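Input: a single structure, listed below in structure tokens.
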Amino acid sequence: SGSCEVKTCWKAMPPFRKVGNVLKEKFDGATEVEQKKIGSAKVLVPKNSQFKPHTDEDLVYLDSSPDFCDHDLKNGVLGTAGRQCNKTSKAIDGCELMCCGRGFHTEEVEIVERCSCKF
């Protein structure tokens, strides 16, 4: 019939939130590794022998993160002292985690706003 059909395919990134969730999951399960020389090859093995060997899909790291609790200008860490935390959260914004066991002061604040409600 003389007509042509063109099919074009392309790869697209998933939504940013999905990428972030996958990275966070990998970060939470990351394995600390060290280099070992086996023959003439250098391989990465878990620093803790009780951990399973990592796969090509796993996130691994060689050096531990600095202690983010304390002020450390050398590593660019501002520390967490004086920061506002969420008393009910179990995540990184929660007081138990953010305050690094130093304890925290609570403050109850009442905010009154006009809401332009119509009855």
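In case you wondered, yes, glycine gets a Cβ from its N, Cα and C as well.
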Cys95 has a disulfide partner in Swiss-Prot; which of Cys85, Cys100 is it? Cys85
Quick test of reading the record: Swiss-Prot lists a disulfide for Cys69. Which of Cys99, Cys100 is on the other end? Cys100
Rounded Cα-Cα span from Cys69 (disulfide bond) to Cys85 (disulfide bond), Å: 13
Using DSSP, would you call Asn86 (N-linked glycosylation site) helix, strand or coil? strand
